[in-house]
Every structure is written in structure tokens, then in C-alpha cells.
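Asker: Right, I'll just put the structure down here and ask away after.
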Amino acid sequence: MELEYESKRPLYIPHAGPILLEFPLLNKGSAFSLEERDNFNLQGLLPDTVETIEEQAERAWRQYQDFRTNIDRHIYLRNIQDTNETLFYRLLAAHLAEMLPIIYTPTVGDACERFSDIYRRARGVFISYNNCDKIEDMLQNATKQNVKVIVVTDGERILGLGDQGIGGMGIPIGKLSLYTACGGISPAYTLPVVLDAGTNNQQLLNDPLYMGWRHPRITGEQYDKFVDAFIQAVKRRWPNVLLQFEDFAQKNATPLLNRYRSELCCFNDDIQGTAAVTLGCLLAASRAAGKRLRDQKVVFLGAGSAGCGIAEQITAEMRTEGLSEDEARRRVLMVDRFGLLTDKLANLLDFQSRLVQPSDSLSDWQLDSDTISLQDVVRNARPTVLIGVSGQPGLFTEEIIRDMHQHCERPIVMPLSNPTSRVEATPEDLLRWTDGAALVATGSPFAPVQFEGKTYPIAQCNNAYIFPGIGLGVLASGAGQITDAMLIAASRALADCSPLANGDGGALLPDINDIQSVSRVIAMAVAKAAQVHGVALVTSEETLSLAIEHNFWQPQYRDYRRTSF
């Protein structure tokens with residue numbers, strides 16, 4: 001049970017003078033009091049006026065508004081983060097809906113592609129295969145000692161952009177910013193890490209300013225040993241840490257998760273987080289449409305690790321509603337670039353083979369060729385839910401959506417591919433093609449749609465609704481693992497927060513400005529599930545609630561007292 005918190009008591013620190021101003025976690029800038037300026041040798045190093053954090057945030061907001069491009073806004077916010085983290089999170093708290101797409105998707109994709117060009121200051125730990133014998137030392141060198149949450153990537157599959165090498169570091173930095181802004185986890189407890197296993201991106205290898213290891217990606221046994229060396233070093237350094245795998249290639253993501261999820265508290269947000277938030281959104285949409293999940297027929301476009309992870313979560317929840325495993329799997333169909341996954345297809349990956357449809361069940365389908373397209377599936381299977389995780393734009397065509405709407409009064413359509421340029425269909429088109437009947441959730445942010453005099457808010461099926469609450473629940477409960485039951489509990493808790501499902505109108509998911517409240521609800525559900533399933537000590541609900549609040553950091557300055565090393 002984790003009851004420690006960044007308390008309101010004075011903080012005793014040994015740093016002073018210019019060195020103190022260089023610590024983002026400790027720096028207050030112009031908000032240092034007159035007494036602190038005397039005690040910490042800051043006189044003359046700051047303007048005369050002592051400001052409040054509200055005044056600092058107002059200045060930062062005005063400066064932010066002067067920037068004309070999202071990438072420049074991203075760079076500006078990252079500069080504040082690297083200068084004064086408390087101010088950074090106070091600014092985010094005041095303008096979360098505006099700034100969330102800037103610090104994370106979709107703008108973070110541009111930042112990853114241009115990482116070496118826009119690099120200003122080091123943050124986190126860069127572990128190169130070239131120096132893999134020094135991993136222990138690298139973790140010891142981390143400026144944060146009491147790390148509780150690590151987000152790690154190898155940069156091979158960054159969003160829909162592919163191999164970005166060490167540019168992938170932008171993802172752990174952004175993800176951990178959301179752990180704090182949305183889930184209240186103190187930035188003092190978080191650490192972004194990139195495993196630099198080389199890159200196969202020739203453009204990066206040819207770039208004279210690329211800052212990573214200039215070498216083709218290592219694979220096979222070399223790669224496995226590299227990742228394992230990192231995991232074992234983390235276990236020795238921080239044995240109770242929560243480790244999140246982020247943007248690993250499909251061929252590595254699931255094997256790494258399966259290998260290590262019982263060895264330390266870890267999860268893969270691309271697989272499990274995406275699945276949890278999608279299931280939560282689908283549960284909410286099903287309630288809004290007046291159906292149980294078990295009665296839906298779901299078609300996926302995209303059968304990678306993310307799509308299959310979502311499908312597994314959906315079938316698991318269908319089973320809790322009374323379906324057998326075979327019945328649940330018959331109601332979830334997977335389509336990839338080779339067509340519908342059936343037992344006749346060769347060379348399927350392990351996680352795909354569990355989701356194939358038996359060929360004999362398709363004997364009455366009207367087909368023109370051996371390859372069963374998305375159009376064929378929609379016409380023959382008559383789905384009520386269509387989920388896109390293909391990374392390919394425009395594949396939910398007008399013909400497909402209109403065919404779906406012919407047999408489904410309120411189709412649920414979720415084009416989840418990121419960034420916006422890769423979305424399978426826009427919300428405006430989906431609503432127009434269904435005469436406003438579609439229940440829509442997207443992976444990227446979209447403005448509300450005006451259709452025939454009515455405003456339709458568009459839910460962003462953003463993992464930020466889920467993983468911060470999961471992290472908070474793990475820390476508060478002291479869970480040693482993240483189980484499937486904990487993830488399903490998170491999905492149900494998110495659905496319970498849906499304005500539309502609760503009959504209040506609006507979007508399928510809560511307003512992003514309410515995300516801290518949502519994270520608390522999810523944290524409680526996750527912590528309870530951890531206790532029920534034996535991966536956390538059993539305590540009262542009151543104790544859990546207290547632990548969640550004690551772990552919920554707020555961006556406020558603490559009083560400082562001088563001490564010696």
C-alpha cells in the first residue's frame with residue numbers, strides 16, 4: 001500500500017544558487033520567496049517581483065498563444081517542462097483540452113520525426129546497445145532516485161510513423177506527462193527511457209544531425225538479450241516499479257509482454273491500454289444504442305497487435321455476459337490487408353491465429369473471390385460495430401458505411417488510427433453517410449460536427465482516459481502485476497463515466513477537462529480488482545480512497561528549507 005505523497009510540509013534541499021535554478025523539479029523561477037532567495041543564494045539571480053504560480057502561468061499562456069504552429073507550441077511547452085515542471089503542469093491543468101494534442105498525439109509524432117533537429121536538453125535515460133554493458137551505471141545516473149513509473153520504447157513503431165530511432169523518446173516523455181497531468185502521479189516518480197537498438201530508417205542514418213546509434217537495428221537473440229539486460233537492471237534498481245512498454249514493433253510487443261508481465265509489474269499500452277479504452281468506449285456506445293455487448297457483431301480493419309489486443313478484451317467481456325468462448329469469437333471478425341482472417345490463411349502470427357473464423361461458417365456468404373474484403377464482410381456478416389486500426393486513411397468508404405447502416409439503426413464506428421492524416425474516415429463523413437445515426441469515436445481529436453442543425457461532439461478514444469488511472473490504481477494499491485481483470489475493471493469504470501450512456505447527452509466519453517476525476521474512478525476500480533485477484537493486499541475501500549488521494553500530486557510550490565548534503 002502506497003501512502004507516501006509529496007506533502008505540504010517544507011522540503012529540505014541542499015542545492016542553492018544557479019544550480020537550484022537548473023533543477024526542473026525544484027525550480028520556482030520568479031516565485032521563490034524573499035526568504036528563500038536569501039537562504040538559497042538567489043539574490044540578484046531573479047527579477048525583483050515575487051510572483052505567484054498563477055501569474056507565471058498567465059505569462060506562459062500568453063507566450064504560448066504567440067506561436068503559430070503546433071510544433072513550435074510543443075517545443076515551447078517542452079522547454080517549460082525542462083525548466084520548471086511545477087509551472088508546466090499548472091499550465092496544462094488550466095488548458096488541458098487545448099494542450100493535450102500538443103504535448104501528445106498528434107503533434108508528438110512531428111516532434112519524434114524531428115527529434116534530433118529540435119533537441120534542446122536531455123530528459124530521461126538513453127540506453128544504446130553500443131553501451132549495453134553499462135546499463136546498471138546508466139540507471140544509477142538517473143537524476144530521479146525514487147522512480148515508480150517507467151515508460152520505455154525502442155522507437156521502432158512510433159504511432160503510425162514507423163521506425164524513428166531515438167526520436168521515439170518523444171513518446172515516453174509525452175506519455176509520462178499525461179501520467180502526471182491526468183493521473184496525478186508526481187513527476188518526481190517518473191522516468192522516460194529509450195532503448196537505442198539502432199534504426200532501419202535510412203533517412204535517419206543519412207542525417208548528419210541524427211543523435212542515435214548509427215547502425216541497422218539489431219534483431220533476434222541480440223535484441224532479446226539487450227531488452228532482458230534492461231529489464232533485469234530495472235528490477236534490481238527499482239523492484240516495485242510499474243513499467244510500460246510503448247511503441248514496440250508488432251513482432252516484439254506481444255512476446256515481450258507475455259515474457260515479462262509475471263516477472264514485474266508491466267503492461268503494454270498499445271495493446272492493453274488501447275484495448276481497455278476501446279472496450280470502455282464500446283461498452284458506453286452499446287448502452288447508448290440500447291444493446292448489450294454480447295449482442296453486438298464487431299468487425300476490425302487491422303489485425304496487428306493493437307487490433308487483436310482490443311478483440312481479445314472484447315471477447316473476454318462478452319464471455320462475462322454469458323457467451324461461450326466460441327460464441328464470443330464468432331462475433332468478432334478480423335480483416336487485414338489479406339482479407340478476413342480465416343483458418344485457411346497461412347503464416348498468421350500467434351496472436352492472430354486465436355481470432356480466425358472457421359471457413360465452414362462462411363459457406364452461405366456471397367463472395368466474388370477467395371480474398372474476403374472488408375466490403376464482403378460488411379455485406380455478409382452485417383456488423384453493428386466497425387473498428388479501424390489499420391493506419392491507412394479512407395478505407396471506411398461511403399459504400400461500406402451505407403451498407404452497414406442499412407441493417408443497423410445505430411452503427412458504432414470507431415476509426416482509431418493515428419495521426420489524423422491516417423484516419424479511416426472522418427466523423428463528418430460518417431455522420432453524413434448515416435444521416436446522423438452513427439455513434440462515433442476516433443483515435444485523434446476532432447472538432448464537434450454540425451449536421452442538419454444538430455451538434456455532435458466526437459469522443460476521442462484516447463488512451464489518456466485509461467493508463468493514468470491504471471497507474472494511479474497500481475501505485476495506490478501496491479499491485480505487483482496488472483491482470484486482465486484489472487484492465488476490464490478499468491474499461492467498465494470508464495463506461496460508467498460516459499455522459500451519453502448515462503442519458504445526459506453529449507459525447508461517448510467524458511470531457512477531457514474532467515479526466516482527473518475519471519482517473520480517480522478508474523484507479524479505485526483497478527485497485528479493487530487487484531485486491532480481489534490477489535496481486536495487492538486487501539484493505540478497506542476507505543483506505544484505498546485515502547491512498548489514491550495521497551498519491552494524487554498537485555502542481556503547487558512547496559516551501560523550501562536549506563540543508564547540507
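The backbone N, Cα and C atoms fix where each Cβ goes, and this holds for glycine too.
For Tyr104, the entry in Swiss-Prot reads active site, proton donor. Annotated NAD(+) binding site per Swiss-Prot: Arg157, Asp270, Asn418, in sequence order. Swiss-Prot lists Lys175 with the feature active site, proton acceptor, giving sequence analysis as the kind of evidence. Taken from Swiss-Prot, the feature divalent metal cation binding site covers Glu246, Asp247, Asp270, and the record attributes it to sequence analysis. Under the heading site 'Important for activity', Swiss-Prot lists Asp270, citing sequence analysis as support.
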Asker: Arg157 (NAD(+) binding site) has how many other Cβ neighbours within 10 Å of its own Cβ?
Answerer: 25
Asker: Would you kindly give the Cα-Cα distance separating Asp270 (NAD(+) binding site) and Glu246 (divalent metal cation binding site), rounded to the nearest Å?
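Answerer: That separation, Cα to Cα, works out to 6 Å.
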Asker: Given a 10 Å Cβ-Cβ cut-off, pick out the one of the binding-site residues Glu246, Asp247, Asp270 that has the most other Cβ atoms nearby.
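Answerer: Most Cβ neighbours within 10 Å: Glu246.
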Asker: Reported as an integer number of Å, what is the Cα distance between Arg157 (NAD(+) binding site) and Asp247 (divalent metal cation binding site)?
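Answerer: Distance (Cα to Cα, whole Å): 5 Å.
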Asker: Using C-alpha atoms only, work out the spacing between Asp247 (divalent metal cation binding site) and Asp270 (NAD(+) binding site) and round it to an integer in Å.
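Answerer: Counting only the Cα atoms, the answer is 7 Å.
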Asker: Using the residues the record lists for NAD(+) (Arg157, Asp270, Asn418), what whole-number Å value is the largest Cα to Cα distance?
Answerer: 12
Asker: When you average the Cβ positions of Glu246, Asp247, Asp270 for the divalent metal cation site, which other residues in that chain have a Cβ within 8 Å of that mean position?
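Answerer: So the additional residues around the site are Thr153, Arg157, Ile158, Ile171, Phe245, Phe248, Ala253, Asn268, Asp269.
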Asker: For the NAD(+) site given as Arg157, Asp270, Asn418, which other residues of the same chain have their Cβ within 8 Å of the site's Cβ centre?
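Answerer: Other same-chain residues with Cβ inside the cutoff are Ile158, Leu159, Gly160, Asp247, Ala306.
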Asker: Measure from the Cβ of Asn418 (NAD(+) binding site) and count the other Cβ atoms within 10 Å, all protein chains considered.
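Answerer: There are 21 such Cβ atoms around Asn418 (NAD(+) binding site).
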Asker: Show which residues of the chain containing the residue listed as 'active site, proton donor', separated from it by at least 6 in sequence, have their CB under 8 Å from its CB.
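Answerer: In sequence order, the residues whose Cβ lies under 8 Å from that of the residue listed as 'active site, proton donor' (at least 6 apart) are Gly174, Lys175, Ser177, Leu178, Ala464.
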Asker: What kind of secondary structure is Glu246 (divalent metal cation binding site) part of, going by DSSP in three states?
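Answerer: For Glu246 (divalent metal cation binding site) - judged by DSSP and reduced to three states - the answer is coil.
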